[in-house]
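Positions annotated as transmembrane segment by Swiss-Prot: 18-38, 88-108, 131-151, 172-192, 206-226, 256-276, 296-316, 328-348, 360-380. For 395-454, the entry in Swiss-Prot reads region 'Disordered'. Per Swiss-Prot, compositional bias 'Pro residues' is recorded for 409-421.
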Amino acid sequence: MTPYLAAEDLSMFGRDPWWLVVVKAVFCFAFLMITVLFSIVWERKVVAWMQLRIGPNRHGPWGMLQSLADGIKLMLKEDLIVKRADKVVYVLAPIVAAIPAFMAIAVIPFGPADNEISIFGHRTAMQLTDLPIAMLYILAVASVGIYGIVLAGWSSGSTYPLLGGLRSCAQMISYEIAMGAAFASVFLYSGSMSTSTIVEQQHDRWYIVLLPVSFVIYIVTMVGETNRAPFDMPESEGDLVGGFNTEYSSIKFAMFMLAEYVNMVTVSAVSTTLFLGGWRAPWPISTFWEGANHGWWPMLWFVVKVQLLLFFFIWLRGTLPRVRYDQLMKLGWKVLIPVSVVWLMLVATVRTLRNENYDFADIALYVGGGVLVLLLLSFVADMFREKSKEAAAPAEEPAAFDPMAGGFPVPPLPGQTLPPVPRRRPRRDRELIVSGGPDTASDGPANGKEASDG
């Protein structure tokens, strides 16, 4: 007889009672929502300071309730549905984009597995659940979120959202390859895909020190994955009006914005877990304070690291301009993927040497990391060198402006002139020709005037 699912061994998901699992799930949801509300206000404040402005200062103390006011405003706005839209897919797209953004936090550890805290008299770990393949789960969930953006662009029945959805699909596919290679190097060095085990393996040195190239690659790819500046091509208002969410309003638009900021928090939490020691206290504190990694303190260190990475997102938005789409694809396919593959091979080689008890493995890893960082900088320098050569090249004569090149007339842009319009030759003076021909004598006077009677 086939056993039921309830009879299977589900101990890998934890041994907490169902009500405690619900409490921890609600805590994870509340953590994401509070962090998002704070991050929106923090972003507007930081960008305002960069631009010598005040920023939000009306709702709540120091404008801290501005995000809540914006959310209520969006919920009370009129919800419009485009007539040409595929209504079922149009409504489901924001949900498909928002739900996967919340799911990845389930396997992120907020504290050590052996440091159980007491919740209503029950001892439990500071993590919703831990899986042996937790990082593969995060990759799978992150890949599902792209469907919401693509479906939103396709179902809107408009050109601009469709182009934004296609851009987002191509961008995320391009950058997930390099992200997967960065993850693989961490798996090779830690020997596990479990998030709690990866944090435990960083007890002496964080992976940002051992795997610096993987950290740089992941930082670049996480900005591309979240469609944030300077890689926010799917929603560039300069050429796509509003991008994939142009035709959305009210609560549906708010769900897309919520998904974007929740993704920022999620990728920052993943980066903290993989490269920054997770919940572990920073190096100076952990050396003289033994209790820094016990109790509720690990959650404080984790939140501080996540907030620093969120500030990095904000700093990028306030300082860097949006790159062109061809530059974005060139960076992903010609720089990040080759560097990540070479670095992964080097990490695998060093890991093999360490298993054979070679002493120079760490030295080779550091040297290889430095070499790849130099290669990455050389790639970026080549890009700027080509741009400077193009700027220094003598300007060619611009092609003549053709107002009908696109099939319909368009006005000239500044600096363009309309070509001269061909005119007919001026008409010659007409000669008076009588009906009988030029050789026929006319009955009238020679000057063409009629004779009078007197």
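Cβ coordinates are placed from backbone N, Cα and C, and glycine is handled just like the others.
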**OP:** Give me the stretch from 131-151, 256-276, 296-316 with the greatest number of Cβ pairs under 8 Å to the transmembrane segment (88-108).
**Re:** 131-151
Subject >> Whether the transmembrane segment (131-151) meets the transmembrane segment (256-276): three or more C-beta pairs under 8 angstroms >> reply: yes
Original post:
Hey, does the transmembrane segment (206-226) touch the transmembrane segment (328-348), meaning at least 3 C-beta pairs closer than 8 angstroms, sequence gap 6 or more?
Top reply: yes
Original post:
Other than its close neighbours in sequence, what residues sit by the transmembrane segment (256-276), given a CB gap under 8 Å and a spacing of at least six beyond its ends?
Top reply: 32, 35-36, 39-40, 94, 97-98, 101-102, 104-105, 108-109, 138, 142, 145, 148, 152, 183, 186, 195, 198-199, 206-208, 211, 214-215, 218-219, 222, 225-228, 244-245, 248, 302, 305-306, 309-310, 313
